[in-house]
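Over in TrEMBL, the protein carries these features:
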- 20-201: domain 'MacB-like periplasmic core' (DOMAIN)
- 277-388: domain 'ABC3 transporter permease C-terminal' (DOMAIN)
- 508-603: domain 'MacB-like periplasmic core' (DOMAIN)
- 672-785: domain 'ABC3 transporter permease C-terminal' (DOMAIN)
- 21-40: transmembrane segment (TRANSMEM)
- 271-293: transmembrane segment (TRANSMEM)
- 327-348: transmembrane segment (TRANSMEM)
- 360-389: transmembrane segment (TRANSMEM)
- 410-434: transmembrane segment (TRANSMEM)
- 668-689: transmembrane segment (TRANSMEM)
- 721-740: transmembrane segment (TRANSMEM)
- 752-773: transmembrane segment (TRANSMEM)
Amino acid sequence: MKLGSLHVLFRQLRRRPVYTGINLVGLTVALATCLLIGLYTAEELRYDAFHANSDRIKVLGIDSDFFGRVTATSYPMGETLRENSPRVEEVVRIREETMPLKRAGEKGTNPVNVLQAEPSFAQVFSFSVVSGDLERALTEPGSIALSASMAERLFGEEKALGTAVYLSAADNADPHTVRAVVDDTPETSSIQFDALRPIPEKGAQKDGWGALMYQTFLLLDRPEPTESFLRHASEILSEGERSWEYTAVDLSSFYLSGLYQADGFRGQWKYLYIFGVASLLVLLLAGINYVNLATLQAQRRAREIAVHKTLGASQSTLARRFLGESVLLAVGASVLALALAAAVLPAFNQVMSTDLSIRAHWLSIAGFMLSFGVVVGLAAGVYPGVAMARFRPAAVFRRHSRTTTHGGGWLHRGLITLQFAISVILIASTAVIYTQLDYVQTKNLGFNGEQVAVVSLPEDAWKSRDVVRDRISEHPSVERMTLAVGLPGAFRMRFGHEPSEFSAQHNRSEDVESVTFMFGIVDAQYIPTLGMDVIAGRAFDAERRSDRTQTVMLNERGAKEMGWTPEEAIGKPFSIDDRSNTVVGVVRDFHQSSLHEPIEPIVLMMHTPKWSRGDGDLAVQLASSDIPGGVEHIRTALADIAPFSEIEVTFLDDKFDAMYRSEQRLSWLFSAFALIAIVIACLGLYGLAAHAVQQRTKEIGIRKALGASLSNIIGLVTREYAVLVGVALVLGTPIAYLLMQRWLEEFAYRATIGAAPFTVTALLALTVGALALGGQAIRAARLDPATTLRDE
């Protein structure tokens, strides 16, 4: 494009500040939104893509009513596929552990993430080896591989290879020799570790099909659709000792697959789709503003177009000119969008728990945004450009001709309605999401989690439970405390046992099937510390010796699944493994996990030597008068008891709040989308109202001269647009309702969608619409007929 032509385009945009400003603001905000969501999506899609064999790696899992859809598998499953499937080239089983890791003589240590892995780990995955032999480190007993940062933490500038480290807080444990140092795992890896060690020979081959302790990764001989391979693998695995419903996922989709993972939050495809669609809807709203305002501007520029055509300008020349204006505006918006996105990126990173950067890929992002701006400009400018170029000069030069595009009135009405319908959907969805979040955060969970400090005790502290209890209770802010394996939100499934070991066996009617329970191993202070209600029978009593060896408590759901009322359950026999028990109490149902999941049958038993090995949790009810002092006392006391372990104190209610991280992100983004959508829609409405007032200036003057009141003039300007906003409410509300009903199906417990969210949406849409129209309506009502009709 020639410099002179570019100057003309700039001048045209500058001559229409309202039109240019509305479109520039709308496109800038929309493009910045698309950029941020695009960066987030690209980061999520990068997970595990760095592995050379990522297109051939499958992750095996099971799908059961009890465990759900998980990637927990048993050792024999992978071995069976290795031996019987010609499609499986290699198998890797890994098992995650959190263990102390220290060098000899080190005084303190923190728990680190250690993976047990097979030697094939080095062949299947593409983690870079800095030094040493990773395959040897995973083959020889007593060997270990460290991540580069862990090796640096332990040895500094010293050479790590060949040195001894200990997977224990004490130096008298068996040493492990460092055989390899592996580069730190990328942030975009689903597999994270600080150290790797071989799977111990002892017990590995003896674990049964029900011992779901491993993740199994399968390297195929060639890429294959997951559904096809799953059918093949299920046929082979169905011949094993234990029948499961199997599932599988590509490694490249593992992070976004939605499979439950105990190590924390993972992304989900559905949220990428939701964010992507919402950002494109915002861009559509800005595009609608441009199309609406550009086509209406055609009436103001009709004579200019007619003069150009009379002087010989062709339709294609004029169309290119109008497209040039559109592209110039969109490219300018792209530049501003880059600056806006960079400004809000720190806040976006904080909310989304990401570390996105524009600076790291500045040139490619800038090039993409400019190209995207050109595409958006062309797409938005095609219809207005062609429509204006088709004006007929003869019609334009007639004095009282009303030059419009064919069907333009219906187009404008339809686009305005679509704009506000989209805004209504986003606003109503945001209101429902906030309603559900308020519901899950205020619902009675069946226990009191406020001011309850929780510590996951290391093994050495757990073995000294009596000492822990005595030391913690010394502080005046400690009201109650309990030591348990199975706090709400942290019930542990001991996958080393066959599922039958979790089943209640007793004499019951034939119509009641075997029931699988979640276990809680607790002390006598468990119920009072957590504020639970015993609705039948009694709680555990530390003074009764039989409570330690012969009694259990059930929750309501557990009693119901057994076919008992709470009162009927008292005194009933209840066997667990080889231990005979009697039910002494039934506790009111409490949520053992988030409200996404239904309440499970739960059985509680008191600590015994057999059932209390390993580690557990400490929960302390603190007085509100000195919570900081109580937390500091817990840290100090446990540091004395377990000096080699890191002590992390959290609060039980905070742990439950963290379970809704995805929904909290969704609510924040939808709030932003809804705000942006309503602002863009109102800017467009303001521009259309301003145009309407300008076009009907003389009509308004005549009406005022004939006695029209202020309210008559305001109604004249706003009536049509108010009707369109009402139609948008009628169209958008049921769509939002259906979409939110589907989203709420993810929760086992959910708020009832009443009229309140949609009433608020309607009031907000009408209020904001009135504000957008009000200024122009009042301006029109104040026009002086003597001025507007001066040339008549």
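Glycine is no exception: its Cβ is also placed from the backbone N, Cα and C atoms.
TrEMBL annotations: computationally assigned, not manually curated.
The shown structure was predicted, so the numbers you read here are calculated from the model rather than taken from an experiment.
Under 8 Å from some Cβ of the transmembrane segment (752-773) lie the Cβ atoms of residues 420, 423-424, 427-428, 431-432, 435, 678, 682-683, 685-686, 689, 717-718, 721-722, 725-726, 728-729, 733, 736-737, 740-741, 744, all in the same chain and six or more residues away from its ends. By the Cβ criterion (under 8 Å, sequence separation of 6 or more), the transmembrane segment (21-40) is not in contact with the transmembrane segment (721-740), since fewer than 3 such pairs are found.
Mapped onto DSSP classes, the domain 'MacB-like periplasmic core' (508-603) shows 18 helix, 30 strand, 48 coil. Away from its own ends, the transmembrane segment (668-689) comes close to residues 18-19, 22, 25-26, 29-30, 33, 275, 278-279, 281-282, 285-286, 288-289, 292-293, 296, 351, 412, 416, 419-420, 422-423, 426-427, 429-430, 433-434, 717-718, 721, 764-765, 768-769, 771-773, 775-777 of its chain (Cβ-Cβ under 8 Å, at least six residues beyond either end).
For the transmembrane segment (410-434), the neighbouring stretch richest in Cβ pairs under 8 Å, chosen from 271-293, 327-348, 360-389, is 271-293.
Looking only at the domain 'ABC3 transporter permease C-terminal' (672-785), the predicted model's pLDDT averages out at 82.
Nonlocal intrachain contacts for the transmembrane segment (327-348), taken as residues 6+ away from its ends with a CB within less than 8 angstroms of a stretch CB, comprise 6, 9-10, 13, 20, 23-24, 27-32, 35-36, 40, 290, 354, 356-359, 365-366, 369-370, 372-374, 376-378, 380-381. The helix, strand and coil residue counts that DSSP assigns across the domain 'ABC3 transporter permease C-terminal' (672-785) are 95 helix, 0 strand, 19 coil.
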